[in-house]
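**Q** What TrEMBL shows for this protein is this:
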DOMAIN    6-118  domain 'Acyl-CoA dehydrogenase/oxidase N-terminal'
DOMAIN    123-217  domain 'Acyl-CoA oxidase/dehydrogenase middle'
DOMAIN    229-378  domain 'Acyl-CoA dehydrogenase/oxidase C-terminal'
Ligand SMILES: Cc1cc2nc3c(=O)[nH]c(=O)nc-3n(C[C@H](O)[C@H](O)[C@H](O)COP(=O)(O)OP(=O)(O)OC[C@H]3O[C@@H](n4cnc5c(N)ncnc54)[C@H](O)[C@@H]3O)c2cc1C
């Protein structure tokens, strides 16, 4: 495994730092305050090739692999976790599902629009009563000739309102049957398909999270991804890759929180010395830096394995579990190092702290990652 950035990774990191300084940093606290999802920024990131990182060039994407993908999400999340989360959901979930399981016609129809962010993608698995236990979902599709009629609701869906297209996994068989669910591609504007309530969130406030509602929504069978009954199995495979992107999101937030705390600890004077000269603060920084390195190694290991076509079920869960918990710990210590100022919106520490928490929840909680890892090592 190569530990240094490749030329492409360096280029992506420099490009995002430059873009973020001009287009994200000046406005991000406003978006956070008002919970505005900055669509224009998302589209500009699409013009830079960041909304189809893994999509082959023949479908309008950048044609990169997971190492570049991790670098891009981590660099973006170092600046603003909300935009990092939106980028991860768009690339890994909606676009990733169509890329992995779409037929040629579906790939040609949707990937060029998604890869350039002309269209924004959403992905719906979670329901109000079934999150970790997604296989117990109640949203149902009933066949009616060449169409399926969908009724029910999904919640916590990233880009549920702004998204132009959603991949949605719904029940087509019996409750409790892992082969009883099917994935559909549903375009915005399809009668009976609408966005519901927008969540008012603790963090990641500039990433839009809403309900999706289905009321006798008729979808043609050509919109099915793969075969009827494969939806849940497909979703688990999509999440294996997606978890690498949430590990990268966690890593970026941790790195951002650490860099801010490191700089502040060298500027802030107490007892006529910089606070970094106190061992109590220096050891915190040492722990933060060490844990970030370990999280980076797990994340890049999973990315490298994914690039080589290996099964990353256990490794992506380990990377996501560890990096997300590190992110929360580092962001927490970041606030502590800033003292009272860390509790205010004048400094970035509080935003990292709020944003980091989502990483231990989205795309499977820490407890669910432990379930995945323990199943893999006990089999
Ligand atoms: C900002 C945000 C964006 C999201 N984006 C999307 C999206 O785009 N698409 C999508 O489909 N979903 C999305 N989600 C949903 C997310 O994946 C779920 O919230 C998550 O999987 C947890 O489900 P839940 O919230 O229903 O919690 P629950 O499943 O109710 O869990 C509650 C608690 O019980 C624990 N628990 C549950 N089962 C077990 C078990 N077997 N063993 C031990 N502990 C257990 C959990 O770990 C957790 O601590 C998003 C969520 C958020 C907050």
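Every residue gets a Cβ built from N, Cα and C, even glycine.
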**Q** Per DSSP, what is the residue count of the domain 'Acyl-CoA dehydrogenase/oxidase N-terminal' (6-118) in each of helix, strand and coil?
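**A** The counts are 83 helix, 0 strand, 30 coil.
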**Q** Could you count the residues of the domain 'Acyl-CoA oxidase/dehydrogenase middle' (123-217) that DSSP puts in helix, in strand and in coil?
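**A** Helix (H, G, I), strand (E, B), coil: 3 helix, 50 strand, 42 coil.
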**Q** Determine the mean pLDDT over the domain 'Acyl-CoA dehydrogenase/oxidase N-terminal' (6-118), rounding to the nearest whole number.
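**A** 98, rounded to a whole number.
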